[in-house]
Amino acid sequence: MENNNNNFIEEEEELSEPKEKCGVFAIYAPELDVSRIAFFGLVALQHRGQESCGIATYDEFQSVHVETGMGLVNQVFNETNLKPLKGKMAIGHTRYSTAGKSTLVNAQPVIVQTLHGQIGIVQNGNLTTAKSLRKELMQKGVGFFIDSDVEVITQLLSNNPEGCDPHKPNWENRIAHFMSKAEAAYALCLMTPNGIYGVRDSLGMRPLCLGSLEVPCKDDPTKTITRYVLTSESCAIGTIGAKFIRDVRPGEIVHINENGITSFIGRSPSDNPALCVFEYVYFSRPDSSMEGQLIHIVRQRMGETLARESPPPQTCSNNDTIVIGVPDSSLPAAIGYAKQSGIPFTEGLTKNRYIHRTFIQPSDHLRQQGIKLKFNPLTENIQGKKVILVDDSIVRANTIKALIKLIRGAGATEIHVRISSPPVLHPCHMGIDMATYDQLIGHNRTVEEIREYIGAESLQYLTLEGLMKSVNIGIKPQAETNSTPCFSTSSPTTTKIKINENNQKHCVACFTGDYPCSLDF
């Protein structure tokens, strides 16, 4: 049942923090309870979307079973509604709306009936050409029932590409045809009668990775068979007891079914790949790996680089100063800053991780508490100390301003803010809710004006050069991170992604305004 109550704490958070659109998960394993595995996979991806979620399964009789709902994964699903989700494969989704309203009708998976059976789809990202593609389809007489990009994708996949036999599914050709029309930004999983396809756009803008698990054979439990999973982040692979294989490559189509796994190039990968750098800064869980490196380690390097670029003021010493981070995503950067600067790291804030999605409306008194319901200072650690407060980003500055007031109220004598990313100057149009130009404080004010607004003694950001150095230094080519042949060719194929001249292979448009593809908004 959809709950339309507004949440004041969630609204407060949305005013201050960028939001990832979605998390996707898929598994093919007829021997297992795939809906239950998908459930735990989605729990691991909960941080990527908290508005709605859903699971769909395909059974041996070619029937699709689906359950969606508004709220967190463990609020929507239980033993009763998981039990009917029988099947040999499953796809799942956690959603935060950046294209389409936050309503149950826009929850995923989306199921569509085609001439070749039902298909289900889950997607992360925004189509940068959604407007023109929607218009093109409507001119052909196609109607739309929801305002999410995923319906555009399903309609394109339902249409038979020119030159293909309309009596055959040709899913690989259909997907490649869709990819030819949509450069970015998407990572999606498509469930068909013939298995699951994982698809990543040619820029690699949204993450998608591949894992495997060994399961007992149905006919002979003493033997095992390898099955496969696809997911937005590797943390979900570990959660279900699977083994990480590799990232899905830009432009790649990965097909998992009864016969195992095959791989195709759906669209030639770009010479300038553009994985969203905010995956490293904020979105991904610290225990996930991308491009062969652990997110936690990258964030710690960001903190170390930040300390070299913007060291503590000379008035601060390791006797009277502490480094604290804003829980949770900023803690690795704070640890790195402390390590490099020699100023001790201390826990200064605790976070209530369970209140931001409550639908219980607060009294006027509690509403006035604002940020205090989400964060609480450790007064004994802070009182009488100079504080270096490390956060991962400033978007609108509402949260950081409130936290500074909270920390000062706990007895801090000085507060120096250090941000482990550059100023956010431009909105994102590729799957992240990052406000508009009018709402971005970095676009409208100087660093000094922001410092004055938030009430800090000093404010300094990590440079773009420092950010990219922290990210790029640990990237491992696919050939180093995995030697498993997953391509349809007879020998293993590796694709070394080209790095352009300034060694920048990530989307940094929110910092520079240089978008990696054309937009038709």
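The backbone N, Cα and C atoms fix where each Cβ goes, glycine too.
Some features that Swiss-Prot has for this protein:
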- 22-259: domain 'Glutamine amidotransferase type-2' (DOMAIN)
- CYS22: active site, nucleophile (ACT_SITE)
- CYS276, CYS428, CYS507, CYS510: [4Fe-4S] cluster binding site (BINDING)
- SER329, ASP391, ASP392: Mg(2+) binding site (BINDING)
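Neighbour counts of Cβ atoms within 10 Å were taken for the recorded positions CYS22, CYS276, CYS428, CYS507, CYS510; the minimum is at CYS428.
Following the DSSP three-state reduction, the secondary structure of CYS428 ([4Fe-4S] cluster binding site) is coil. Cβ atoms within 8 Å of the centroid of the Cβ atoms of SER329, ASP391, ASP392 (the Mg(2+) site) belong to the same-chain residues VAL281, TYR282, GLY325, VAL326, SER330, ALA333, VAL390, SER393, ILE419, SER420, SER421, site residues excluded. In the three-state DSSP scheme, the residue listed as 'active site, nucleophile' falls into the strand class. Across the domain 'Glutamine amidotransferase type-2' (22-259), the prediction's mean pLDDT works out to 93. If you measure from the Cα atom of ASP392 (Mg(2+) binding site) to that of CYS428 ([4Fe-4S] cluster binding site), you get 17 Å. Local packing around the binding-site residues ASP391, ASP392 was summarised as the count of other Cβ atoms within 10 Å of each Cβ; on this measure the leading residue is ASP392. If you compare Cα positions, CYS276 ([4Fe-4S] cluster binding site) sits closest to CYS22 out of the recorded positions CYS22, SER329, ASP391.
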